[in-house]
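As structure tokens, the structure follows; a few thoughts come after it.
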Amino acid sequence: MRTVPLFAACLLLTLMAQAEPLPRAADHSDTKMKGDREDHVAVISFWEEESTSLQDAGAGAGRRCICTTRTCRFPYRRLGTCIFQNRVYTFCC
């Protein structure tokens, strides 16, 4: 049960680190707006404690997960969705 809050905190920190700072008023008039067709990817890594069933079953020590606008590619599998700044992303592990 401690894994879910830890995972949520890692996800939040990753998404906050990738967020762009707000432009200043002077910078806003000089820059062009980017299109919405960019592929956004967030990489998240989390590890289970040694005593969990994943470790007992012989699974790897860590799992790497991403939130992407595309479909999951091998070896990742879709496990759900990520929502950031009112956009829905595919959550792949």
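All residue numbers here begin at 1 and follow the chain in the order shown.
Cβ from N, Cα, C; glycine included.
Features reported for this protein in Swiss-Prot:
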- 1-19: signal peptide (SIGNAL)
- Cys65-Cys93: disulfide bond (DISULFID)
- Cys67-Cys82: disulfide bond (DISULFID)
- Cys72-Cys92: disulfide bond (DISULFID)
Inter-residue C-alpha distance, Cys72 (disulfide bond) and Cys65 (disulfide bond) (nearest angstrom): 10
Rounded inter-Cα distance in Å - Cys65 (disulfide bond), Cys82 (disulfide bond): 11
Residue pair Cys67 (disulfide bond), Cys93 (disulfide bond) - Cα distance, angstrom, rounded: 9
Nonlocal residues around Cys93 (disulfide bond), in sequence order (Cβ under 8 Å, 6 or more apart): Arg63, Arg64, Cys65, Tyr76, Arg77, Leu79
Distance [Cα-Cα, Å, rounded] between Cys82 (disulfide bond) and Cys92 (disulfide bond): 9
Fewest Cβ neighbours within 10 Å, where candidates are the disulfide-bonded residues Cys67, Cys72: Cys72
Under 8 Å by Cβ from Cys92 (disulfide bond), counting only residues of that chain that are 6 or more apart: Cys65, Ile66, Cys67, Thr68, Cys72, Arg73, Tyr76, Arg77, Arg78, Leu79
Number of Cβ atoms other than its own within 10 Å, given for Cys65 (disulfide bond): 21
